Amino acid sequence: MTALRQRKGSKGKEPPLGAEFQSQQSNCCSDHHPEKILHGDWSWGAIIWTSVGWSISVGLGLLCCIYMATLHENDLWFSNIKEVEREISFRTECGLYYSYFKQMLQAPSIQEGLSDLIHDNLTESKRTINLLQRMNIYQEVFLSVLYRLLPIQSYLEPVYFYIYTVFSLQAVYVIALYLTAWLLSGSWLAGVLTGIWYILNRVDTTRVEFTISLRENWSLPFLALQVTAITCYLRPQLTVLQQKVMVWLMYVTTFCFCLTWQFNQFILLVQALIIYTLDCVDFLTTTQVTTLYLVQVSGLLSVWLLQFCNSMILGSLVLSFIVAALFIRHCQSGLKTGNLLVRLGKLLLHSAMVLLLTFTINYLAKKALQLRSDEHIFKFIKSKFALGPTRDFDASLYLCEEAFGLLPLDTLERLAGTLLLYPYILTLPLLSGTLAVAALQNVRPKGSSAEERKGAGEVRVVAFRPDVAYNLLHTLFFGLLAFSTMRMKYIWTGHMCAVAAYGVCGTELWTLLLNALRCNTKVLLRLVRYAVPLVMIGCLYYKFWPKLMEELSELREFYDPDTVELMTWISTKTPKQTVFAGSMQLLAGIKLCTGRVLTNHPHYEDKDLRERTRQVYQVYARRSPEEVYDILRAAGADYVVLENSICYERRHRRGCRLRDLLDLANGHIMDGPGENDPDLVPASHPRFCEAIKTDTAAYTSLFTRTFQNKTFHVYRVKKKRKKSAKSSSEPGATQ
C-alpha cells in the first residue's frame, strides 16, 4: 500500500469615516490594477505593471501544477509501475470515473462509445442506465474525444493526458484566486501572496494529488473563475460591453462548474443566499441581482438539457429558491420603504415568505417528478444536527466518515503556521463590522430635515463596495459550511487565501491602523502595503522552501500486491460478462481494471442503487446463508468479494464500523464491549463474512471459494441451490 476587526471613531479634525472609506476605494483602484488598461490607461507604467502581474499569475499557476504532478509521481512512482497498478491507484469513485474515459478510448468509434454510455448495462447488473444522465462524466467524454483527435497518441499515454489535464486545472484555480485578490486589493502582490498560501497549505486547499478523478477537482477551478467573474462584474465603472462580457464569463464558468460536479446545486444555493442577503440590504442593484440569479438558472438548465433532463436538477432547492425570491421580490414593490423598524419587519416577513414558497415549490416539484435521488443528503443533514433518526444506514455511512465531521482544530494550527490565519481573522471582523454599519445605513430612511441630514452625516459610511461585500459573505458562508463539514473546507480555504491577501495588501486595514497611530499619509500607506507582503513572502520562503525541497525529494512506490493479484485473477479467470458483488470502493476498481459487471458502485445519487448497496452489504451482517444467497442472486451476482479489512474492521470506533451500521439497521446488538440500545436484540445467525470461511455444508452448498489471499476472499454464487440447503435453515428473504 502506498505510504503514501476593531474600528475607532474619528475625533477632532480627522476626516469622517465615510471620507476615509471613499479614499480607500479610490486608492484601491489607483495602483497597478488589472482594469486600468480596460479603462483606457495605456501608459507604459500601466502596461508594464499589468503584464508583470499577469505573467506572475501564470507562473504561480504552472508552479502549482508542476508541484502537484511531482508529488503524485514521487508518491507512487507512477511512471514505473504496471498499468494495473496505475489503475488501482485511482481509489474508490475515482476509479469509476476514470473507467469511462478508458471505455470511450477503447470503443471502436466516438459514436459507439457515446451509445454505450447512454445505454450502459455494465455499471449496474440487470439494469440499463444512461450514464450521461446519472453521472457528471462529460469531462471524461470530452477528454477522450480530444485525445482521439489530437496527434499525441504516439508519445503521450492516455492516463498521462488525463492526469495532466486535472493538474493543469490546478493552475487555473491558482490564477483565478490570484485575479480575485488582485481585483479586490488593486495590487498583484495580493495575488502573489494568495498563490503562495494556496501552495503551502495544499493539505487543506486541495487533495488532487491522491484523488485525481474526484469531481471537485474538476469543478472547483471553475467555481473560482466564476467568483472572479462575479467580483469583476460587481465593480463600478464597467462599460456596457465589459458588463456583457462578464455576464457571459459568469455563465460559462457556472455552466462548467455545474456540469462537472453532482453537488453543484448545494454550492449554488449558498451563492443564491449570498445574493439574496446583499439584495436585502441594498448592496446590489435590481439589475445585478436579477442577472446573477438568471446566470445560475441558465447554467443549471443548460446542464439539465445535457444530462437528458436530469430530474435532480429540476428538483433542486436552489432553483426553487431563485423562483421564490424573484416572484416575491416582484410582488412586494414597497419592500424598501418606511422607517427602520418597519423596513426590518418587512425584510423578516419577506424572508419568511421566500422560504415558505421555496419549500412549497420544492415539495411540489419533487412530488411531480417522483424525485428521491438526493434524499440521502437531507437525511445526512437531519442526522448530523440531530433532527432525524440516527440509525439510518445511508446517513450513518456519511456521519461515520471523518470527512463529514466537524472541522478539526489542527486545521487552524496548520493555517496559522503559514501566516494565513492571522491576517484573515484580522480582516474578517474589520470588513464584517464595516459591512454591518453600511447595511444599517442602507436600510435607514434618508432624513429630510437639515438636523437629520447632519446626524446621518456624522456616522455615514459610503456604500460598501459590492465586490468586497460579495467576497466577504462568500468566505463567511462557506467558512461556516467548512466548520460544520470538514470535506467542504476545500471550497473555503482557497478563497480564504484571497481574502487574507486582500487584508494584507488592501487599504482598509492599514488606513484604520495608521489613523489610529495618527500617521496616515499616502506615501506611508503605499510603503506599508508593499513592504508588509514582501516581508511576509520573504519569511515564508525562508521557512518553507527547505521543507518543500525535502518533500519533493521523498520517493515512495506504489505497493498493493493483494489487490494486484485479485485484479489479475479476475481478468484472466472469469468471463467478460461476469457480475461481481462487494464493497462500493472495491467494485469501482474492478470496473476500471477488469471491465466486469458490477452490482453496485460509489456514485450514490440513486435511491434504487442505495437500496441495492445496503442489501449487498448484508454479506458483512449477521444473516443466514440463504438470505445472503437470495440477495446476491436477486442482484444478478456471479461472484462476491469479501474483504478482511471490512469484516474485521478496526479503523472506525464501535458504532461506526460497517458491520455495526448493518447491525443497527437490522435491529441487532453490535459486536464488542459497550452499550447497546434497549430495543436491539441478539442476532440468530453468525456474521456471514466470518462464518462462510468455516466451509460448513450450509455455506458450501450455496457458495464456492474460488480465490483468496491475505486481504480478499472471492466466492462463486452457485446457480441453483442444492436440496440439502433448504433443510439446513429457514428460507431467506429475497430483496
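Cβ atoms are placed via backbone N, Cα and C, with glycine included.
Note: TrEMBL annotation is automatic and uncurated.
Copied from TrEMBL, the annotated features are:
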type: COMPBIAS; residues: 1-10; note: compositional bias 'Basic residues'
type: REGION; residues: 1-27; note: region 'Disordered'
type: TRANSMEM; residues: 46-69; note: transmembrane segment
type: TRANSMEM; residues: 181-200; note: transmembrane segment
type: TRANSMEM; residues: 248-276; note: transmembrane segment
type: TRANSMEM; residues: 304-327; note: transmembrane segment
type: TRANSMEM; residues: 347-365; note: transmembrane segment
type: TRANSMEM; residues: 421-440; note: transmembrane segment
type: TRANSMEM; residues: 492-515; note: transmembrane segment
type: TRANSMEM; residues: 527-545; note: transmembrane segment
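Taking Cβ pairs closer than 8 Å, the transmembrane segment (248-276) reaches residues 135-136, 138-139, 215-216, 218-219, 222-223, 225-226, 229-230, 232-233, 284, 289, 292-293, 295-296, 298-300, 302-303, 306, 312-313, 316-319, 321-322, 325, 354, 377, 470, 473-474, 477-478, 481, 491, 603, 605 in its own chain, all 6 or more past its ends.
Ranked by the number of CB pairs under 8 Å to the transmembrane segment (347-365), the listed stretches 46-69, 181-200, 304-327, 421-440, 492-515 are led by 304-327. Where the transmembrane segment (492-515) meets the stretches 46-69, 181-200, 421-440, the count of C-beta pairs under 8 angstroms peaks at 181-200.
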